[in-house]
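What follows is a set of notes on a single structure, which appears directly below.
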Amino acid sequence: MAEKFCLSNPNLTDEDHLYHIALSTSDNLPQRFGDVKYVCMGGKERRMQKFAELLYDTLGKPKNSELTEQPTPGHRLKNISQSGGRYCFYKVGPVAIVNHGIGNPSLSVVLNEMLKLIHHAGCTDVSFFRIGTSGGLGMKPGTVIITKQAYNGLLENCYRQVICGKEIRYPADTNPQLAEDLLKCAKDFKIEAIAGNTMGTNDFFEEQARLDGAFCEFSRQEKSDFLKRAHDEFGIRNFEMESCCFSGLCARANLKCAIVCTTVVNRLERDDVTADKSLLEEWEFYPQQLVAEYIKRSC
Ligand SMILES: O=P(O)(O)O[C@H]1O[C@H](CO)[C@@H](O)[C@H]1O
Ligand SMILES: O=c1cc[nH]c(=O)[nH]1
């Protein structure tokens, strides 16, 4: 029998309040969530709601889903964490779908609580996925990047976490087999996708070498030198803002993870994101299609 996922924190007890996702150990976690095998996360609430509805159809309306009492077209699923007011959370068959907001701090909070949820629920064989958007480095917008290694803004392949006034570095790599399987789904769906390294920063503007933020005290030459170095020396193919924390905490918990991000701009050409809404929605849909297909094939 597969081993139950177990966090190593000795302070965890049978009573726990997952404050930001509005759940606690008195909410029948093993009965409601013990079958979860996939946790899918992404920044926006709307994207994750749409993804949950897509999965509900793709997986043939699985019975072990949490449904809303007042369904409307495209809104059949219950937002389990609605009363928390911070994140949305849907359950579709063996999949938990959650949004994480922008950046490592917002992700870290909900990821800690999702890890505690699967611990208390006694889940087995769980994989984590981030489906997101990113700025491509030399990539045609709409290309999907499946992250191999995450680098922070200092071009270090790690997640830096401050604990009791000290900084600890955790490796920030994803699972190669998941990446390969997702690339295969992309090929079958004729979605342009590559495996590459990702830079996960703590800022959208200056840390990603954008000249068009509220502030900028570096030159165009410094910007292009940095982008060239990231591309040529470190194999960076896209920028986003959660890959280090996501891969760092999943690895720390001994869980497999994948990061699948579409690109919405080619940073070698411009800084601002100018594509129209329908094109952005189309590009944003590609990672959802790939991860939904991967889950359908593997569950
Ligand atoms: O599309 P999502 O998942 O939000 O991710 C990307 O978009 C946000 C910035 O616009 C950052 O959170 C970045 O990581
Ligand atoms: O350029 C981009 C686009 C999306 N998200 C980012 O963090 N950077």
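In case you wondered, yes, glycine gets a Cβ from its N, Cα and C as well.
Those TrEMBL annotations? Automatic predictions, nothing curated.
Remember, it's a predicted structure, so these values are computed and weren't measured experimentally.
Per TrEMBL, the features are as follows:
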BINDING   Arg86, Arg130, Ile131, Gly132, Thr133  phosphate binding site
BINDING   Gln208, Arg210  substrate binding site
DOMAIN    38-270  domain 'Nucleoside phosphorylase'
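Its Cβ placed at the centre, Gly132 (phosphate binding site) has 26 other Cβ atoms within 10 Å. Only Thr133 of the binding-site residues listed as Arg86, Ile131, Gly132, Thr133 bring a Cβ under 6 Å of any atom of ligand 2; the order follows the sequence. The 6 Å Cβ screen around ligand 1 retains Gly132, Thr133 from the binding-site residues Gly132, Thr133, Arg210, ordered by sequence position.
The C-beta environment of Arg210 (substrate binding site), restricted to residues of the same chain at least 6 apart in sequence and closer than 8 Å, consists of Phe204, Cys216, Asp271. Burial estimate for the binding-site residues (Arg86, Arg130): highest at Arg130, by number of other CB atoms within 10 Å. Among the record's phosphate binders, Arg86, Arg130, Ile131, Gly132, Thr133, no two C-alpha atoms are more than 20 Å apart, and one pair sits at exactly that spread. Most buried of the binding-site residues Thr133, Gln208, judged by other Cβ atoms within 10 Å, is Gln208. The DSSP secondary structure for Ile131 (phosphate binding site) is strand. The Cβ of Ile131 (phosphate binding site) has 27 other Cβ atoms within 10 Å, all protein chains considered. For the pair formed by Arg130 (phosphate binding site) and Gln208 (substrate binding site), distance between Cα atoms is given as 20 Å, rounded to the nearest Å. Averaged across the domain 'Nucleoside phosphorylase' (38-270), pLDDT in this predicted model comes to 98. Distance from the CA of Gln208 (substrate binding site) to the CA of Ile131 (phosphate binding site) is 20 Å.
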